Amino acid sequence: MHEWSVAEAVIRTVVNWANENHVTQVKKVKVGIPSFSFLDVEILKEAFDTMKSDSPLGKAELEVVFKDPTFKCRNCGLTFSLKDVRDQLESLKGEFGEEYPLHLMPALAPSFLKCPKCGSHDIVAETQDITIDGIEVEESGTAQTVG
Ligand SMILES: [Zn+2]
């Protein structure tokens, strides 16, 4: 039940932020999740809704945004995302169908992809964490970003 510990961590972070900034009511929390993390969004939202009561997040809605993994070339130092190697991915999709292996296992990238700048296969997947990308509060109605 990884989703529950993620929801708990998100709630704890936002509650701390709300207390520090004297925010009494959070409207929306936007989290970024790596697309390959296998988290079940429905379970995550259910966990969030269950644990958010009795906090400034009591009426908050959880918004989930999936982030694609990024890669770094160890030969030339270029950092690139899956968008930058779209043409390479298109041929992979042709071979493997929609469930192409990189979507599930970015660590496989060096076997399938080459650097779009120098053509090297010496690339590594950058690890990505779950991030809180924005918090919307009741008073001002504006979104704020926290680290
Ligand atoms: Zn390169």
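All residue numbers here begin at 1 and follow the chain in the order shown.
Using N, Cα and C of the backbone, Cβ positions are placed for all residues, glycine too.
TrEMBL has this to say about the protein:
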type	residues	note
BINDING	HIS2	Ni(2+) binding site
BINDING	CYS73, CYS76, CYS115, CYS118	Zn(2+) binding site
For the Zn(2+) site built from CYS73, CYS76, CYS115, CYS118, further residues of that chain with CB within 8 A of the site's CB center:
ARG74, ASN75, GLY77, LEU78, PRO116, LYS117, GLY119, SER120, ASP122, ILE123
Of the binding-site residues CYS73, CYS76, CYS115, CYS118, which sits closest to HIS2 (Ni(2+) binding site) by Cα distance?
CYS73
Tally every other Cβ atom lying within 10 Å of the Cβ atom of CYS118 (Zn(2+) binding site).
12
Tally every other Cβ atom lying within 10 Å of the Cβ atom of CYS73 (Zn(2+) binding site).
22
Could you check what DSSP calls CYS115 (Zn(2+) binding site) once collapsed to helix, strand or coil?
coil
Quiz question: given the binding-site residues CYS76, CYS115, which has the greatest number of C-beta atoms lying within 10 angstroms of its own C-beta?
CYS115
